[in-house]
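Undergrad: Below: one structure in structure tokens.
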Amino acid sequence: MKDMYDVLVIGAGPAGSIAARTAAEKGLDVLLIEKRQEIGDPVRCAEGVNKAYLKKYVEIDKRWICADLSASHIYAPDGTKIEMAEELSGGEVGYVLERKVFDRALAEKAAEAGAEVRVKTRATGLIIEDDFVKGARLMHLGKEYDVRAKIVIGADGVESKVGRWAGIDTSLKPIDIETCAQYLIAGANIDQHHCEFYIGNEIAPCGYIWVFPKGDGKANVGIGVLGSKTGKFKPRPVDYLNKFLENKFPDARIVEMVFGGVPVSGSIEKTSTNGLMLIGDAARQSDPITGGGILNAMNAGKMAGEAAYAAISAGDVSLEKLEEVYEKPWRATLGHDIDMSLIVKNCFINLSDEDLNSLAHSLEKVKFERMSLLDLLQALFKADKKLLWDLRVLFKDAAKEVVKNKT
């Protein structure tokens, strides 16, 4: 490990690895570090991604594909089922990944592009001089190193310390985080061609339960519950998950379990400062509705890698330059989608089970493989006129997209 690089990327998840690869492909000298000894472990998500969007960032490799989904089924509190084609099911439906293999493959691609990759290497603080981030203090195999870099990219996940060290407020309130629990189960009779989502305040308060098949009778079964609905004297997310498992898959065997948190806060005020950018969960760039963050992280990582090249080439890594080449571009694209999702989240967390059932009944007969904006408007108007009004900004935005696509 050298003491000077162009770019230091802290965290080797999808965001960090894509950022490192992108910067290295541009000819920059890059160090990518991961605090754990094994990249991709532990897994902390349902592992589902949209096929078309994934192909934008990486060539598909069957080694890290567990299942190929064609649809999703959403179940209302009363059991009403809504079927949606894969293309309309959002960023988390399409392929089910083996994240332990996938994340490692992304890091390998970064290494092949020229980045240096170091595991069991933890950042313990930033080097800050004259109000500029100049690198980080690292701990590797019991030895401390001061590593300098022209730009530091913080990709250290939901528990990020990098942003806080740099003076960026990444704090989360209980309502801004989903508390999650997930089991990998085996021995269950699970359809391997679609995933399932279960909603309802008795099932997962202000959240949902997911079932993602992983082949050979295995599946990820997990739950996310809004942090404001957990705490002292309240059931834990794992309690809701255990109850669901007992009812839905009584013969299943739990072979692995993971716990964690997912940011659902929407965009934070600031994701860059002099000499530093935040990406992925560290920048709170996950989807506020689903908590899904793989594709958003890869998108942000690519933008950050390109921004690092632009800033270093210009000899200017100031906040003003990083706002120009990273902050403004990501907010105009990815950030816009996150903001729209936050509007939906804030509407739906206030719906009662009766409201959710009414909405499901209105959507039950809709053919989602060819649904139009007008179809959705009519269904929402029938179910809940107030909900339609609350979401009006989304439809105004969607209508603009329809017009743009037709011209």
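Each residue, glycine too, has its Cβ placed from N, Cα and C.
The following feature annotations were taken from Swiss-Prot:
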BINDING   Ala15, Glu34, Cys45, Ala46, Gly48, Arg99, Ala123, Asp281, Gly293, Ile294  FAD binding site
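In terms of burial and nearby residues, how do these features look in this structure?
TA: The secondary structure of Ala123 (FAD binding site), as reduced to three states from DSSP, is extended strand.
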Undergrad: When you look at Ala15, Glu34, Cys45, Ala46, Gly48, Arg99, Ala123, Asp281, Gly293, Ile294, which the record names as binding FAD, what is the longest CA to CA distance in angstrom?
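TA: The FAD-binding residues span at most 29 Å between Cα atoms.
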Undergrad: Select one residue from Ala15, Cys45, Ala123: among these binding-site residues, choose the one with the most other Cβ atoms within 10 Å of its Cβ.
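TA: Comparing the binding-site residues Ala15, Cys45, Ala123, the most crowded Cβ belongs to Ala15.
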Undergrad: Could you tell me which three-state DSSP class Gly48 (FAD binding site) falls into?
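TA: Its secondary structure by DSSP: strand.
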